[in-house]
Amino acid sequence: MATKIFKHIQTSVVPLPIENIDTDQIIPARFLKATTRDGFGNNLFRDWRFDGDDNPKQDFVLNNPNYSGKILVAGKNFGCGSSREHAAWAIADYGFDAVVSSFFADIFKGNALNNGLLPVQVSEDFLKKIFDAVYADEHAIVEIDLVDQFIKIVATGEQESFEVNPYKKACMTNGYDDIDYILSKKDEIAEFEGTR
Amino acid sequence: MGQTLFDKIWDAHVVSSSEGFPDILYIDTHFIHEVTSPQAFDGLRQRGLPVFRPKQTVATADHNVPTINQHLPIKEELSRYQVDMLTKNCKEFGVELYGLGHPYQGIVHVIGPELGITRPGGTYVCGDSHTSTHGAFGAIAFGIGTSQVEQVLATQCLLQSRPKRMKIEVNGKLQKGVGAKDIILYIISQISAAGGTGYAVEYAGDTIRSLSMEGRMTICNMSIEMGARCGLIAPDETTIEYVKGREFAPKGEDWDKAVAYWKTLYSDADASFDEVLSFKAEDIEPMITYGTNPGMGIGVTQHVPETASFEAKEQGSYKKALDYMGLHDDETLLGKPIDYVFIGSCTNSRIEDLRQVAEFVKGKHKADNVTVWVVPGSKQVQQQAIAEGLDKIFNEAGFPLREPGCSACLGMNEDKIPAGKYCVSTSNRNFEGRQGPNSRTFLASPLTAAASAITGVVTDIRTFLKEEELV
Ligand code: SF4
């Protein structure tokens, strides 16, 4: 089945300089009761974004009109904890195309890649540069190129290359998904089962 | 060059391996539950695909279910809908469901092992990160996302790159009152909540060897809390004894063949690991967490670290965690009043956990300021506890035994810790809001939780044991 294609974006960013952001923060468990993939964006970072009476918390970045864009930039070990893919759905549904951090939890990274949401792992240094850039100018533009695997702060021209699994890169730039690939190997699966 | 246990099992399950692609790994059993499967079944419908191997798929309802009056319809509408959806999907796709009311129902990571579905040498996945639990049998077991649930339903295989291998050894004799939960909380506190990311972790050493299967499951369960892909422990007589005779364990000749194979499952002496860590059992105190990730743990007599002891860029996150917990630098948790005690979750809700707690609380009574919930991991654990009369001991102590499910581990059902309240919990996650919006969690062992319930404050179990000579 075709999935979203990702090749290149250039946009302002939303800074969230907190470390160890777990998927319970990204989407709390009580919002996991839906049986479709849609609408999770409304509850993205629910308990950081809204108070107990559902009023927006003014000091949270998503409620700050000065910050917007398609790239979420967060502290290290982003997406740790629960394997809930709803976290990736919520971030994508809210409108982000990429998440930048200096370290990602494994399962989150896989889930994001399976949903056309690109996790971009940068050095601690470069992460700090992005935060500095966006705190100096909230409209600072960042460019991410998946084809050539680099991320760049446009105003300063500073850039860094990032790693991505070549297979996953091919999937994302072409909109393929894993199931199509494994289904193409069905004979091998049956053969494997026969040997056991 | 010898092979690691992990590689032996992985290699035996590779269907196809191509340069530049992740391996296609064959999955022996796929566990599913109501929360992370509906969108996967939807995907199958959209593609017009059946479940490829329904007999290798096992379903249960655990995350959303109430833990009282399970015989009545689920009150909460969305939860009921999700559980009904699982029933409908299982029926439509021919998958065996151990749903509410079924004698095998329970938390997915409790029922797999207790039914003998989880065995040495196998590969197990589930749309749940604590699938690492099953690695205690010397198996490869890990959590996956919903797109991957769909993948496994459709093909019984998973695309996965081989992780790196880490060995964590624990040797020596544990102090009285210190158990498996303390070992794993200690390890995570030493290597951080991200210290195992990218690794399959094999636990070894004589302390690990001396643990029961329940203890080993507690350890492997929390592998994900240091970011590890999975955790595993080589099978031995303890493992074989545990599996023997269980409902779906191999029987007769098949059993003998299986055991012969299981005995080949260990890391060869000259196998090489990407990383090896060693810890001394004697260094481990009863542990408790003070922060908002499982790496933020200390020995129960120690003090909360000072903000200044962290690097500048980490101080903001650290302060945020302490503020959330209502704690301050250098505070000691010992003696801190608590409001709730939760004994349950896939980390510590097995019969051995309940026996240990019952033995300790017998003849004691909980403090007035504390509400205690004991939630068994499965229907079978609940029945066994009742058969052994543990429910009576619990009742007399003010520790009501509820019905099985995930419960306050993640607060998806009604079992939520209220905002601002402190809960000593035997579960595995102390994230903000994990047990209910603005709830505050101290993770600890079942014994520490039970002792704290009795005194009403965070307690060092060893002070009781000195008087009682228990454990
Ligand atoms: S008990 Fe908690 S950690 Fe375990 S499966 Fe249920 S929700 Fe997940």
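Every residue, even glycine, has its Cβ placed from backbone N, Cα and C.
Per TrEMBL, [4Fe-4S] cluster is bound by B:C406, B:C409; the candidate from B:C230, B:C346 named for the same site is B:C346.
A C-beta separation below 8 Å, combined with a sequence spacing of at least six in one chain, links B:C409 ([4Fe-4S] cluster binding site) to B:F342, B:G344, B:S345, B:C346, B:S425, B:S427, B:N428, B:R429, B:R434, B:Q435. Under the three-state DSSP scheme, B:C406 ([4Fe-4S] cluster binding site) falls in the coil class. Each of B:D62, B:H63, B:I107, B:H109, B:H130, B:G344, B:S345, B:T347, B:S349, B:G377, B:G405, B:S407, B:L410, B:S427, B:N428 belongs to the same chain as B:C346, B:C406, B:C409, is absent from that list, and has a C-beta within 8 angstroms of the C-beta centroid marking the [4Fe-4S] cluster site.
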